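Below: the structure, in structure tokens.
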Amino acid sequence: MTKAYNIIHHKFDVVVVGAGGAGLRSAFGMAKEGLNTACITKLFPTRSHTVAAQGGISAALGNMGEDDWRWHMYDTVKGSDWLGDQDAIEYMCKNAPDAILELEHYGVPFSRTEEGKIYQRPFGGMTTEYGKGKAAQRTCAAADRTGHAILHTLYQQSLKHKVQFFVEYFAIDLLMEDGECRGVVAWNLDDGSLHCFRAHNVVLATGGYGRAYFSATSAHTCTGDGGGMAIRAGLPLQDMEFVQFHPTGIYSAGCLITEGARGEGGYLVNANGERFMERYAPAAKDLASRDVVSRAMTIEIREGRGVGEHKDHVFLHLNHLSPEILHSRLPGISETAKIFAGVDVTKEPIPVLPTVHYNMGGIPTNYHGQVIIKDGKNHNSVVKGLMAIGEAACVSVHGANRLGSNSLLDLVVFGRSSALKAAELIKPASPHRSIKEESLEKIINRFDKVRHANGNILVAELRLKMQRTMQSHASVFRTQEVLDEGAGMISEIRSGYKDIKINDKSLIWNSDLVEALELDNLLDQALVTVYSAAARKESRGAHAREDYPDRNDEDWMKHTLSSIDEAGKVVLDYKPVTLTTLTDEVTAVPPVKRVY
């Protein structure tokens, strides 16, 4: 089958798949260390989803009041509901201040205080004095367009350091041999050619799989391509049951209203005009962690206190804030609310509803970004030649629930750490090991089979079934009955993939084929998500079980590892959470009941 296609071969020291914040930070970091670096991306780098991040990036700089990275670590462990690995969390929080100063040095135009320091705003779950003090102003912001500012800056650095970009190339599958990754195969959408990239190290920085759901703040490109490739390579994914619902997606549109809006003083109200978060989180109120706020909103709506004709959403008030603050600190939000909700935020509230926002789960890695698997008693056996970073990965610093503004931090800290590790492991221009023809043949055969699929189901039709099922059966609140039904439905939908129909057989800009390949990635991740959720009989972080309302540390303080066998069945395994720190500079945070 390989002879039927024009396959172009490349050799690089490292290949990064994805050009968002994590991918770019990793790519130019590796190029800076002298490694011949390629970056494959299915869309132009500055259109990557990092560009949509609004509120900010967390670091204990102490510009707006006393702060300490140890307090940041405590908040992150608590936010994770004690499913986060404390060695990785320590690494991230300790390196956060330097990461911000590095970004500033690269040219990120952060907002400023009157003294000229980087402006920091409060964000949900961020506190001082190990949760005993007031809210911490820890989130560094570039107005409400922080991701945009960071992504453009990182792209400039990548060009400066001569990263070689392959733009609008769709990554199909990993080249795996003897349990090692030797490269990746991609399809050039512009001319239809297939490309075999050989590399000593492949970095998956492909983002999350938010588009497995019907309503998500994610771009339509967020199809979890790295996770799909990992599953097909026989690797497990970790903690896939933990899907974050952001409290404030615009009602009916799903577009994000940043948590920074509440950080600047915005608040939620129900149909009675009551600031209901005071009942659910008396101390943190509207700035409790995202899972807590999303559940509170869902309960208010369920109990008949929603607003609007159908009483199916709540209001976010910003109209008490001065127009000057809205213009200087939340300019993008004012514009988004006007376009997608028809609301003038200076005069009226924004209709909002919890919306799928982030995947805490992903490809398991250590804090160097190296992909790890369970091998006998060794839970951290490294997969040679493969790394994963950003939302595609599960380090796990976010555990069962991510704190707002920790995701941009995750991207730059672990993007940098992956580059440092690669430079340590790889000698520039060292020879590549040979690959077997059948390894490439297998990848091309799968691609060709999808391209010539001539069944009865349209890709868009099958995708919509999956999205609606995930939205209704793996949502904010879950029960065994609903999850089991959802697992059966997603299994059936996934089996329908072999009956899809591709109308366009061409190789140049074939969006029908792109969407089919993306759907394959989404279906595998949807499947392991719902099966992992059905198996976890407790409530922890974003995984809220109505039939098991309490956290159960004795039985369930462990990471889920999920894979799919050749028969299409989900196989679940578990490994312990790391409850020890990396150094003696900080003590581990013991599990307690999580209250805000």
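Yeah, the Cβs are placed from backbone N, Cα and C, and that goes for glycine too.
Checking the candidates H200, H357, H368, H452 against Swiss-Prot: the one annotated together with H246, T258, R402 at the substrate site is H357. Reduced to three states, the DSSP call for G18 (FAD binding site) is coil. Secondary structure at G55 (FAD binding site), taken from DSSP and collapsed to helix, strand or coil, is coil. The recorded positions recorded for this entry are H49, T258, H357, and the Cα of T258 lies nearest to that of G55 (FAD binding site). For the recorded positions G18, A22, R47, H49, V51, S407, a Cα-Cα cutoff of 10 angstroms around R290 (active site, proton acceptor) retains nothing. Each of T217, Q244, P247, L256, E259, R290, Y358, G404, S407 belongs to the same chain as H246, T258, H357, R402, is absent from that list, and has a C-beta within 8 angstroms of the C-beta centroid marking the substrate site. Around R402 (substrate binding site), taking its Cβ as the centre, 29 other Cβ atoms fall within 10 Å, counting all chains.
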